[in-house]
Ligand SMILES: [Zn+2]
């Protein structure tokens, strides 16, 4: 789970940041097919103002009411001309959970619709609180078993009505494997409205139980093909001129990873014979060593340095080997987003992505921590998972949670005491992480980690993969589902993710049996009718356009269908083959206009 809505309240107009990084020439703004147009900050401001005015002028459609204030979080200008402003909301100065909305404008800045998380108007007054902040803090500390920070009043609009509530961050929670929790307590009744971990863990508590019950021990093969060339993107330009070297400068090193073979890494030369595992061509993206501590601040990590610019030895005997996988995986993920959509960093703000390896003591998991903006990788618990969880598609999956966090911020509808998440928006979040995570492999084109539509195929699981997009139900460990049913509304999120992952695969590749690369797929359909794919590239563009423009924190599978249809319409037109294929792909997983449930939010 990702940290709730408060963090985004500052006005962050990401598109206006000149994302040059330390030495941005490798990322000159020449990405073909970029999904957005860069605009000046004054243009972005005028778009935000037009969207805010339109939101109040069309209050019956947008649900914005008196006492609301809209804070722009993202401004996106489509190459085709439309503009979109994502807002979070405060009501009488209190943050509104589930109050997010995207206002759509035409090229001429006239109102062109809204995508909103809550279907109702926000009403609440701080004077109504019956609990004190101190009582809320005590309650939060007791349910999350940790140290409560200070409680502040919010309006919880996530559940079909507005409720006055306290939001409390609880650190050092013994009920979560990493990081902290955010607890929302009803300010009138004292009831716990939600209690969610602030980090997203790759392996759910439920899956870990299943693996233990089955007695599966994971010891995936490492050090593979250490002589083969990986395809880390070589640095271009800025070769230091020996006559006048000014440190730090960009350097090109080599790494021997645990899982991806030998790879090229762009590093920083800090002085003669001194190198740092930090990539100036990718916004200063860096990996550090958490030294077995549960460090929650990146500055607590120890820098990886080298005198030779050679990193790791393909085995866990070198502390740098896992760091090579992490740094390589983060770089490849950033490259996928940059090359495919023109997205500059996880938050599209030209800032570094960061990773810490050797995180915690005997931790068999990997996490995205949105507060830290960090990937955290444990070394394995030494019991059932014996290696660091640093494979490429795990990194692509987890960093995509960071992208979702910076865009639609899809939230589970329910989290149980152990941290298992439930509900369609959370399932959609997991699915997007798998979709884009597997796309990272296609961009990386690493022969030691061949691209495919499988997730976690290098983890050494008996079933050969953790999840797969073509026929999700082949994942028996998590019980993933192929088709939507009313019960999907409350499915565990990794199980539920199968619905949209399957729809995406059908859109990209079509139904039936086929071999792509070295993997044979056989994707079924709900109605038995075949689906013809439009190719991975177009399908991926449609899903990214849908995520960034037409999804909000409460988007469910039927909303996602509408979101991808809108994206296909914007990209390819209403009468296009692509638009029709999107519609077919959702029908093939039993998500149709006809079976749309009554509004739930
Ligand atoms: Zn996930």
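Any Cβ shown, glycine's included, is placed from N, Cα and C.
The signal peptide annotation in TrEMBL covers 1-28. Annotated domain 'FTP' per TrEMBL: 68-108, in sequence order. What TrEMBL lists as region 'Disordered' is 217-241, 274-318. Residues or ranges marked as compositional bias 'Basic and acidic residues' in TrEMBL: 276-303. The compositional bias 'Polar residues' annotation in TrEMBL covers 304-318. If you look up TrEMBL, you'll see 398 marked as active site. Under the heading domain 'Peptidase M4 C-terminal', TrEMBL lists 423-591. The active site, proton donor annotation in TrEMBL covers 494.
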Practice task
Helix, strand, coil: count each for the residues of the domain 'FTP' (68-108), based on DSSP.
Solution key: 0 helix, 28 strand, 13 coil
Problem - Within the compositional bias 'Basic and acidic residues' (276-303), residues counted as helix, strand or coil by DSSP - result: 6 helix, 10 strand, 12 coil
Handout entry: Summary of DSSP states over the compositional bias 'Polar residues' (304-318), given as helix, strand and coil counts
Key = 0 helix, 4 strand, 11 coil
